[in-house]
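Undergrad: Pasting the feature list from TrEMBL:
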TRANSMEM  B:12-36  transmembrane segment
DOMAIN    B:54-235  domain 'ABC transmembrane type-1'
TRANSMEM  B:57-80  transmembrane segment
TRANSMEM  B:100-128  transmembrane segment
TRANSMEM  B:170-196  transmembrane segment
TRANSMEM  B:216-239  transmembrane segment
């Protein structure tokens, strides 16, 4: 391990912890608001429960910075970083008890930029230590989940006064409905573009002249900004719905899910077609030759040899498409397609930042999860084939 | 030579001229938009001139792109030097992990921290735009065959000379592809800036959605699409060998 860190120690951890300490002392850590409408009043770390408590809370980060200077900090640094992470929800509980008047049911606590910065820096430190300690993916996920679990434990202890939680409570049903809408739109998009993309990729293999044209069109579509594509589809669809009542009766109109799905599929086709095509082309001719030698028919070769070998690269296409669709669906909320983007744009419109967070954070989590799960699956399948 | 130049830049010039014509002559198409949107009083977005909106859009995107290129390429060079090598694994991981964050979410998260207006948009675009540039610069520099570097050193080149005359020229196509990705994403994300108080070509679309005026939406959408196609075709000509 000392070979990794060298005699200078872990400069990355040292830098990160110094940045974290700087954020802790220089930025407001929480904000207090008597109700939803009044903007919060920022409080610095030492204004929450006195300078001594603030000092105590920043101790793990300071010790981690000190430990980074030794040649082999390893597990000690990891423990300190985790301790610092665990301290953040506890600090919020302390802030609720110190600053929020229990007599005011509407009073709420906002998370300040100091805590966000500290959280970000600590996550980076965890990422860095994970690489250095060569932790397995499972263990590092467990480590990342610790602060989340602690947050859930702290909820009954007073964190229900967090502004974010209060926004959620005000629209809990709506929130889960939005998550459902979001997931439905994303899965439909991925499903439709998987089928269409595979079809186009097969056509390309059959007729090479299709290849250039199709890639040119798909590249062209991918270049057009999402907001513009949603807008451009809105006109023709509205016209169709006006002109033909049966289109309207299907629920298709200028705004809503129809233009959103069309645009999302249009964007998803490029990564899907590209990966399917590359995956099918990438199977080595030797393998196909061997299968033919064994007397397999063309269909057998395709379904029993080519397709299974292509699956890891194909899944890579599904991963890229899914992550992209999760983000683009948020934009689709602007044209009335629902989903979590609704909270973002509602919140921006009302200058209610916690509502924005309520929409943006789940989107972020969904994107990271989809990326991790599908990436892992594709790597695992790829390794299985190689072995 | 001039003929060669003309054929090479024909596509970007055509898209660019269409964009300019769209900005200047949108008012002439009133009859067409009247047919699209017969119920509204105004069918041509006239709160701000289209050219002004185009200028603001270009300004925001280019400021973010220039800064992101300087910081991104500079940072990637720094972490591939012996002095900054410690930071390489972390920077590489963040650059690829960060790209799974949807740009909308980044924009939305920037507002609570930075506030409304044009400056938060520039900062959000800059931060997000850094990722593809850093990632591609790292890939470009790390992808160079070590024997090439060895040969350059054998010829007596200093580290600075190797960077300027060997590494950067060899990595240039990959770096350029990163800048292209970054700018494409930023043009699209900047349009969403209209929802957080930064006026640009996204303005007619947002205002059309709010007022239920399809004509406004189409005007903004056509112009943004033309802008994206113009800029992308310029990048395509700069790097003819690569197609992302």
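Glycine is no exception: its Cβ is also placed from the backbone N, Cα and C atoms.
No curator has checked TrEMBL annotations; they are predicted automatically.
How buried are these features, and what lies next to them?
TA: Counting only same-chain residues 6+ beyond the ends of the transmembrane segment (B:12-36), those with a CB under 8 A from a CB of the stretch are 43-46, 49-51, 54, 214-215, 218-219, 222-223, 226-227, 229-230, 233-234, 237.
For the transmembrane segment (B:57-80), same-chain residues at least 6 beyond its ends with a Cβ under 8 Å from one of its own Cβ atoms are 87-88, 91, 118, 121-122, 125-126, 129-130, 133-134, 137-138, 141-142, 163, 175, 178-179, 182-183, 186-187, 190-191, 193, 198, 200-202, 224, 227.
A Cβ distance under 8 Å defines the sequence-distant neighbours of the transmembrane segment (B:170-196), meaning residues of its chain 6+ beyond its ends; these are 57, 60-61, 64-65, 68-69, 72-73, 103-104, 106-107, 111, 116-118, 120-121, 124-125, 128-137, 139-141, 143-144, 148, 202-203, 205-207, 220, 224, 227-228, 231-232, 235, 238-239, 241-242, 244.
For the transmembrane segment (B:216-239), the list of distant contacts is 8-9, 11-12, 15-16, 18-19, 22-23, 26, 33, 36, 44-45, 50, 53-54, 57-58, 173, 176-177, 179-180, 183-184, 187-188, 191, 201-209: same-chain residues at least six beyond its ends, Cβ to Cβ under 8 Å.
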